[in-house]
Amino acid sequence: MPSQAVLRWFASFAPHPIAVSWRERLRACLGALLGIAAMGASVHWLLGPEAVVPFLIAPMGASAVLLFGVPASPLAQPWSFVGGNLVAATLGVLSAMWIGNPIVASAVALSAAIGVMFALRCIHPPSGAVALTAVLGGPAIHALGLRFVIEPVALQSVVLLAAAIIYHTITGHRYPHVSRPAAQTTPGVAGVTRADLEAIVRGRGEMLAVAADDLESVVHEAQLLAYARSFSELTCGGIMSRDAVSVSADMSAAAAWRLLERHHIKALPVVDETKRVVGIVTRTDFVGRTAFGLRLTGPRKRWSLKRNAREAYRVDDLMTPNVRTVDLNLPVAELIPVFAHYGHHHLPVVDNARRLIGMITQTDLIGGLHRQTQTRQLKIA
């Protein structure tokens, strides 16, 4: 009978579950389809149908998997993508020129590309295929010489990158995935900081395919979820702000803005005559809305409405309808994913009839958990 260690070793080959929603999977597939199609069509249009340069090279397919499938990975960022491809293409062409044996040339090109990509911090796995394409691509590729670096590789990389940036922007995804400076982060619930995570990563001595701020975010969310689970009896009604300021849909935009300023809040739930929530208006809805007569004024750079727009525009011109709400009796543990995964910073709290009874923010959540902890500690003492 095989030992348990051998069985565990074989079991390690089984694929792990992918915790990616079907919507995100379809978004990645559609992005790759549009990105590759746009890249091929653009290169065909720029170079003309008679060009000897290939309109598509195979490594770009692997790059598309990263750019559209895992855009948050450090391996998929613009510098890694473009820099890695240019480095690999250059070293591949030079190896093919200087080394007659294609097997030796391939090995040298690939190993040199990895070394230089590490040095320049532009590791991009599909770039290894770019280096091999330069060596093994055949007479048509060899005839291009160093031109291979510019026309097929650089051109296709830039076009595919532009397609990825545009697509992610349109579909509401953050790309490029810019890391926050460590100084801007705050300690987690259990005191784990960005510096702690970076020290652990450095101590491992190997590259991880996850950005430091993503790792920090996952750890912080896990801490909050575990923290909230220990207070399963705590509900949204116990931590919400009950004195929620609301507005009606027909209120003027100027009056709504004055309420935001007066109460120093960032959002106003919009209610009907029965206090049912029908939308929400935030400071972001005002910013940049030149069509609504908005301008930046004053030494403190506050947004205000032009005089001629005060009566013309109403809250329903700016508000977001079909706003997400949470129930009064919803356990706090179920509130964590809503804040963590959907980008919400403030949520209206409603009763069974969807009538507004309060507002809850991330600050309310943290404060409620902290107060509950202090209460427990006092009981224990």
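Keep in mind that glycine also has a Cβ here, set from the backbone N, Cα and C atoms.
Please treat TrEMBL annotations as automatic predictions, because they have not gone through curation.
Here TrEMBL flags 240-296 (among others) as domain 'CBS'. Taken together, the residues in the domain 'CBS' (240-296) have a mean pLDDT of 82 on the 0 to 100 scale.
Annotation source TrEMBL lists domain 'CBS' at 319-375 (among others).
Look at TrEMBL and you will find 28-47 (among others) tagged as transmembrane segment. Residues 53, 55-56, 60-61, 64-65, 67-69, 151-152, 155-156, 159-160, 163-164, 167-168, 171 of the same chain, all 6+ positions outside the transmembrane segment (28-47), place their C-beta atoms under 8 angstroms from a C-beta of that stretch.
Summarising the annotation, TrEMBL assigns transmembrane segment to 53-72 (among others).
The transmembrane segment annotation in TrEMBL covers 79-97 (among others).
Cβ atoms under 8 Å from those of the transmembrane segment (103-120) belong to residues 83-84, 87-88, 91-92, 94-96, 127-128, 130-132, 134-136 of the same chain, restricted to positions at least 6 beyond its ends. Annotation source TrEMBL lists transmembrane segment at 103-120 (among others).
Residues annotated as transmembrane segment in TrEMBL: 127-147 (among others).
Among the features that TrEMBL reports, transmembrane segment is placed at 153-170 (among others).
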*Taking a Cβ cut-off under 8 Å, which residues six or more beyond the ends of the transmembrane segment (127-147) line up next to it in the same chain?*
52-54, 57-59, 62, 84-85, 87-93, 95-97, 102, 105-106, 109-110, 113-114, 117, 153
_Folded-back contacts onto the transmembrane segment (79-97), same chain, C-beta under 8 angstroms, at least six residues removed_ = 59, 63, 66-67, 105-106, 108-109, 112-113, 116-117, 120-124, 126-128, 130-135, 142, 145-146, 148-149, 153-154, 157-158, 160-161
*asked:* Quick test of the contact rule: Cβ under 8 Å, at least six residues beyond the ends. What residues does that give for the transmembrane segment (53-72)?
replied: 28-29, 31-32, 35-36, 39-40, 43-44, 47, 81, 85, 124-127, 129-130, 133, 140-141, 144, 147, 151-153, 156-157, 160-161, 164, 167-168, 173-175, 177, 209-211, 214
